[in-house]
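*Asks:* As listed in TrEMBL for this protein:
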type     : residues : note
DOMAIN   : 60-126   : domain 'HMA'
DOMAIN   : 138-204  : domain 'HMA'
DOMAIN   : 213-279  : domain 'HMA'
TRANSMEM : 304-325  : transmembrane segment
TRANSMEM : 345-363  : transmembrane segment
TRANSMEM : 375-394  : transmembrane segment
TRANSMEM : 414-431  : transmembrane segment
TRANSMEM : 570-589  : transmembrane segment
TRANSMEM : 609-629  : transmembrane segment
TRANSMEM : 929-951  : transmembrane segment
TRANSMEM : 957-978  : transmembrane segment
Amino acid sequence: MASRVFFLSCLRAEGSSRCLTPRPRYPSMPRYPKGAKAAVVASTSGVGDPEAPLEEEEEKIALFTVIGMTCAACAGSVEKAIKRLPGIHDATVDVLNDRAQVIFYPAFVSEDTIRETIEDVGFEAALIKEEVKEKSTTICRLCIKGMTCTSCSSTIESALQAVAGVQKALVALATEEAEIRYDPKLVSPSRLLEVVEDTGFEAILISTGEDRNRIELKVDGELDGRSVSMVKSSLEALPGVEDVNIDPAIHKVTISYKSDQTGPRNFIEIIESTRSGHLRASIYPEGGRRELHKLEEIKQYYKSFLWSLVFTIPVFLTSMVFMYIPGTKHGLDKKVVNMLSIGELLRWILSTPVQFIIGRRFYTGAYKAFRHGSANMDVLVALGTNAAYFYSLYSVFRAATSQNFKGTDFFETSSMLISFILLGKYLEILAKGKTSEAIAKLMDLAPETAILLTYDTEGNVVNEKEIDSRLIQKNDVIKVMPGGKVASDGLVIWGQSYVNESMITGESQPVGKRKGDTVIGATVNENGVLHVQATRVGSESALSQIVRLVESAQMAKAPVQKFADRISKYFVPLVIILAFFTWLGWFLAGKFNGYPKSWIPSSMDSFQLALQFGISVMVIACPCALGLATPTAVMVGTGVGASQGVLIKGGQALESAHKVDCVVFDKTGTLTTGKPVVVSTRLLKHMLLRDFYEYVAAAEVNSEHPLAKAIVQHAKKLREDEENHAWLEARDFISATGHGVKAKVGNKEIIVGNKSLMLESGIHVPIAAFEILAEAEEMAQTGIMVSMDGEVVGIIAISDPLKPSARDVISLLRSMTVKSMMVTGDNWGTANAIAKEVGIDAVVAEAKPEQKAQKIKELQMSGLTVAMVGDGINDSPALVSADVGMAIGAGTDIAIEAADIVLMRSNLEDVITAIDLSRKTFFRIHMNYIWALGYNIMGIPIAAGVLFPSARFRLPPWVAGAAMAASSVSVVCCSLLLKNYRRPKKLDALQFREILVE
């Protein structure tokens with residue numbers, strides 16, 4: 001979807017134009033869908049409803065100079081005005097340099113129109129330069145280790161954004177991943193890895209995003225220099241192999257290849273034939289980098305926590321418990337050197353490994369943060385524990401060198417702080433792992449093995465072999481047994497059965513499959529045996545695409561997260577300042593008798609009391625909870641949506657969906673089934689029905705329009721006695737978008753279309769024809785006129801049945817205070833009849849693709865947050881223009897690409913599920929922010945001692961540290977409650993009616 005930038009609602013300093021807050025868009029999708037980047041309507045559609053595909057068009061970039069802007073409000077008004085134009089991909093206004101850069105589609109809008117729009121806002125504008133935007137963008141994904149809060153992710157984002165060739169970088173704290181959109185001509189993935197590592201974090205390459213398959217093989221056997229060279233050269237010689245990388249240390253071979261030319265079985269065969277068969281190859285163990293990294297991190301924190309307990313528990317006992325037991329107290333108070341006691345010496349010895357060995361990660365993180373001019377949670381922990389430890393160390397040395405020094409150490413504070421924070425991080429990582437379970441469950445849908453069939457030259461099966469399903473190559477034939485899973489997307493070449501596709505499409509009823517039908521990988525074969533020829537394997541499969549979509553959704557930041565990002569920039573420095581002034585205030589108050597001496601605990605002096613307050617403030621503040629508030633909820637929400645058949649493309653789509661108060665529906669394929677059928681034919685001239693359809697079908701067979709297909713299908717039924725009937729040749733074929741088609745068939749001029757086409761072609765339409773059309777439209781049917789040699793000879797009535805749940809969904813939306821509207825390219829009569837049947841009051845009919853998009857913009861200008869639900873290519877501009885585009889899963893790939901939300905089940909009730917889920921998710925996000933902010937707003941003053949004068953209540957630093965660790969865990973757990981989401985009960989109560997189409 002288009003990249004949308006939030007700018008503030010504001011008033012211009014000069015003039016009276018008011019900026020309206022624009023609607024957010026999903027940031028990682030193009031403004032217009034792939035393959036349909038302009039709204040130029042192609043001439044491949046047919047009759048009636050203008051369901052026409054769009055021609056591909058290059059984006060252009062225009063740079064304007066804008067004179068007269070004085071502030072951000074001016075820039076905002078210019079940006080808003082430009083973005084309201086049709087065909088605008090993105091617009092950025094730089095008030096400091098008086099520039100505006102606009103990325104647009106020339107088919108929709110021109111440079112002059114953009115310039116005039118800027119001038120209409122009240123500023124002078126001139127075009128500086130214009131260029132075609134090159135399509136050389138690649139997406140790279142990295143796993144990043146060591147991030148603790150939003151300050152870390154912001155540092156990495158800034159470093160990546162500064163690299164030449166990087167267009168956009170997103171770093172997600174919750175998933176510990178980065179998604180970088182870059183130009184491969186200017187920067188390489190290895191350079192991106194270096195940049196991340198230079199910021200002090202470990203980076204692991206997940207994918208380069210280039211359009212190729214990639215596989216990792218494990219090689220067993222001796223890999224010396226000669227073997228490596230032979231294996232690499234042999235693999236590189238294979239057609240379709242693009243890159244080979246061998247790591248002899250871990251016996252791993254990574255191969256990038258074109259799946260339509262070669263595949264993993266070929267690679268294994270080549271490797272095993274090298275060195276006289278002494279090498280063996282297999283798929284590298286699953287789970288590789290990301291999963292192993294997660295497990296390793298969990299083990300590290302668990303191990304560190306256990307070791308910290310080994311040292312911290314004795315420190316705690318000697319300082320908090322044994323000191324109150326007479327026998328042990330006497331032993332611990334024995335002096336070793338001068339005033340240094342055994343207890344102090346033991347606590348020093350035991351806490352030192354915790355501080356510098358187990359707590360080393362905090363020093364490392366703080367150093368990295370300081371090195372790049374930022375501050376994070378590690379800085380707070382390192383400063384707080386260092387203050388406690390080094391003051392205690394000072395106390396130990398003073399006691400060891402003095403005859404009369406009496407001091408108190410805080411070794412238990414530093415060691416217990418580190419222990420509790422390690423426990424909190426361990427629990428946080430465990431909880432964060434559960435937020436991404438949706439992807440793991442999707443991956444688990446794929447079967448582990450498949451039965452590969454081998455054929456002889458005559459087409460007979462000669463061998464069956466069970467193989468790893470990851471070894472399937474294009475055009476392999478796979479045998480699918482009853483009850484087994486389909487191992488790959490493919491085409492049925494033999495057999496018939498019913499396949500349960502609910503895990504992919506959400507369709508509960510098994511779908512019949514026979515020769516020539518397509519099947520989806522990971523679906524379950526119900527009863528018969530099928531032979532399936534693999535067509536899409538590896539990263540090209542439907543399951544892999546869904547997984548990538550969910551991964552991208554979990555990467556994308558919701559605009560509300562910018563709030564946390566802004567706070568994080570100043571949070572840690574502010575906390576450090578507050579901690580310092582807390583210590584200074586209490587210290588000076590004690591020094592100058594600002595409070596009674598009785599307030600000071602017997603075990604410490606005024607300096608130590610002040611120090612404890614300062615340390616408590618430093619360690620209770622938690623930037624992590626703020627940073628995790630949004631991404632964890634978005635991760636769980638998108639994962640739950642995927643399990644419900646609703647694919648939400650990221651946080652921005654979620655944020656927009658929860659504000660929706662108007663839903664615009666397309667008619668064909670959205671409110672209706674999208675499978676039109678001919679219900680009646682009325683001839684106005686004496687002729688055989690078969691002859692009539694012979695001419696009509698010959699003209700319509702060249703069209704991809706659903707109504708045209710319905711006509712051709714009906715014509716075939718009239719000739720069921722003839723197999724593979726060849727229609728007459730149509731010459732001089734012309735498609736009038738949104739109206740119909742013209743062609744010369746045999747010696748007759750044929751026109752098939754609506755009344756507008758007839759009138760424009762100068763054909764007289766008799767009154768009887770108008771009456772028949774009106775009658776059809778009253779019954780929610782589409783009337784198609786047919787003329788031969790300038791005379792109307794017949795009218796075809798086509799019906800597209802309503803979806804069973806359409807009326808109930810509209811009613812439920814009304815109960816949710818969401819307005820419904822229908823925008824269609826069909827005629828007014830049919831549109832009004834359908835709208836009346838489902839309960840929609842507002843209707844726009846006979847709308848072309850650009851008019852649909854314009855209607856969406858008009859609704860937005862009236863203050864509504866608009867969702868568009870559609871399924872066709874012609875809906876793409878409207879899906880892009882809407883605040884939330886929802887594509888029916890059974891629709892075209894282009895519509896799905898253009899949408900923010902994909903309804904995989906193609907059920908209208910999922911529109912309600914999507915809106916309800918987004919509202920529930922944002923309720924969790926708001927609860928997370930209330931908790932995270934409330935915790936800090938209340939916790940910091942308490943830690944600073946505001947309750948101490950009145951209630952003598954203070955938070956020891958180790959308790960403050962435990963509270964800080966608990967706050968992060970509680971935010972993640974609050975987000976995890978979304979996993980219990982259930983769609984509205986009203987949807988479960990819907991009684992779906994079965995529609996039988998004769």
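Every residue gets a Cβ built from N, Cα and C, even glycine.
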*Asks:* Looking at the transmembrane segment (609-629) and the transmembrane segment (304-325), are there 3+ C-beta pairs under 8 A, with each pair at least 6 apart in sequence?
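*Replies:* With fewer than 3 qualifying Cβ pairs, these stretches do not touch.
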*Asks:* Counting only residues 6+ away from its ends, which parts of the chain sit with a Cβ under 8 Å from the transmembrane segment (414-431)?
*Replies:* 148, 294, 297-298, 301-302, 304-305, 308-309, 311-312, 315-316, 350-351, 354-355, 358-359, 362, 381, 384-386, 388-389, 392, 619, 624, 628, 632, 957-958, 961-962, 964-966, 968-969, 972-973, 976
*Asks:* Hey, which of 304-325, 345-363, 375-394, 570-589, 957-978 has the most Cβ-Cβ pairs under 8 Å against the transmembrane segment (929-951)?
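*Replies:* Ranked by Cβ pairs under 8 Å, first place goes to 957-978.
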*Asks:* In the predicted model, what is the mean pLDDT computed over the domain 'HMA' (138-204)?
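*Replies:* Its mean pLDDT is 83.
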*Asks:* Within the domain 'HMA' (60-126), how many residues are helix, strand or coil going by DSSP?
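*Replies:* Each residue of the domain 'HMA' (60-126) counted once, the result is 23 helix, 24 strand, 20 coil.
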